[in-house]
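Undergrad: Pulled from TrEMBL, these are the listed features:
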DOMAIN    C:6-77  domain 'Glycine transporter'
TRANSMEM  C:54-74  transmembrane segment
TRANSMEM  C:86-103  transmembrane segment
DOMAIN    C:89-162  domain 'Glycine transporter'
TRANSMEM  C:109-130  transmembrane segment
TRANSMEM  C:142-161  transmembrane segment
TRANSMEM  C:167-188  transmembrane segment
Amino acid sequence: MLYFQEMLGIAVFSITGVLAIKKADVDLFGAVVLGIITAIGGGTLRDLLLDLPIFWIADFNYIWAALFAALLAFFLTKGLQRRYRLLLYLDGLAAALFGLAATEKVLDLQLAAPLAVMMGVLTSIGGGIARDVLAGRVSLLMSRDIYATPILLGCTLYVALRDIFPTVWIAGWIALIFTFGLRSLAIYKHLQMPAIFSTSQG
Amino acid sequence: MLYFQEMLGIAVFSITGVLAIKKADVDLFGAVVLGIITAIGGGTLRDLLLDLPIFWIADFNYIWAALFAALLAFFLTKGLQRRYRLLLYLDGLAAALFGLAATEKVLDLQLAAPLAVMMGVLTSIGGGIARDVLAGRVSLLMSRDIYATPILLGCTLYVALRDIFPTVWIAGWIALIFTFGLRSLAIYKHLQMPAIFSTSQG
Amino acid sequence: MLYFQEMLGIAVFSITGVLAIKKADVDLFGAVVLGIITAIGGGTLRDLLLDLPIFWIADFNYIWAALFAALLAFFLTKGLQRRYRLLLYLDGLAAALFGLAATEKVLDLQLAAPLAVMMGVLTSIGGGIARDVLAGRVSLLMSRDIYATPILLGCTLYVALRDIFPTVWIAGWIALIFTFGLRSLAIYKHLQMPAIFSTSQG
């Protein structure tokens, strides 16, 4: 069941990736490649750094899921754009899932909690950043959108709760609800980072 | 003999890489580094992802070939630019060679055909994309030039023919002629992706 | 003691990394991530290419040093900017140290001298280039600033001297003084690459 969720998350990332660059004059090949990179970029970087087999080389179904979702997004752009807000929430949910799953994966390797949190955030936002760099867009690192911060806080919460609760699943659900809730709030209220945490103050 | 062709391909990639950025105000160091990255970037990414020893660490002659070609391109820019169309065809030939060689390399590792095609395309276009990102240029992913599509089709054709023909070399030659022919046609006729496969339609 | 110097170098890189992007409208998360990437990017790429364990996964203190330095730079920007010239010299010293340390590290692996020099330069400038790409800035590869050339010459000098002098430390000190001296001269005199080595001539 977790596998099915992962595939859905990959597909959602790929769709939002294609929609994000579809305003530019890009062709089918470029759009599909950028969709796939959005979907698998973060996990690829994580596996490279940890010297693990790249997850989509071990199981090519991840690429198929990203590929079909990107094709869908390319040809059904208008219908999907009408549901853009829904996709934004789904993207937030997928980001939360990937972040927490990566945190757990690193903890499973007996590595330290701060590293696990760092890898969780990287897995979650790496693909979107890679897409923005390749597409010449301003990446989320240079914006005040509240996208990465909920994941950072959520992964930190997860490693804290994991020591408290005997069952990993309870910690996981609480952290997921917290991360997704925070991100949903930011989407719903159009929140941006407060001025004291951004350079616009000085 | 294949080794000699690879070195020539590396040199051609390095030269077109330097020429591509020579209009900007770049110094010798930057030009040479970007030339080398154009030449070896795709293969480096392939080896990283497949967890193979990086090909130019195993054999530094690849770096020397890229380095001398980049120096040549830097100091003989005008002469080379007069032959720019010839270089464009040579670049297309090198891209086809690298793509097919990488596809064969991955199949040799007993990995699946779709992964082999993907790695073929990545090896072929990865260096040029890395150069464009580092030079702040619009990368080929965001253009409608027909550069990557012939390689994608050619590598796919190769894996199909390889099962049909008893000798790998026949499949290789047919795929090479097909890939290079398609790219040459695109250069000669200034072809771009048809509107139905690009975003300019809607 | 070398360990302590490395930590200081990481911190200096992180501070100059944050200062370099602080003019843009970036929030705390983005600034800290870009500071850390500036500090550890080059060494990370070196370890990935050489298939070594990533240095900051093996010892997370590197990340803490980069993190605290980035936080400092974010909140004390004005005070640090007043000392920007001092930071520029410290950055040059850190770059020289990292370049020479990486050269020695690669020679220790019994790899060839040209590869060691290449890795030295890459370790030294890789993080700054990654930051510039992620922040959408023009990278040093596209400028005529004399930043990488002293490191290239210094690492080359080091591998030459290492064969002459019986003690590695003497070679190291001479190369360090040479590299840092050249970079300091470039900062002090606002030197740029001579026209013959740059594209502005033609």
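Each Cβ is built from the backbone N, Cα and C atoms, and glycine gets one as well.
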Undergrad: Between 0 and 100, where does the mean pLDDT of the domain 'Glycine transporter' (C:89-162) sit?
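TA: Within the domain 'Glycine transporter' (C:89-162), the model's average pLDDT equals 94.
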Undergrad: Run through the domain 'Glycine transporter' (C:6-77) and tell me, per DSSP, how many residues are helix, strand and coil.
TA: 59 helix, 1 strand, 12 coil
Undergrad: Give the residue counts of the domain 'Glycine transporter' (C:89-162) per reduced DSSP state, in the order helix, strand, coil.
TA: 61 helix, 1 strand, 12 coil
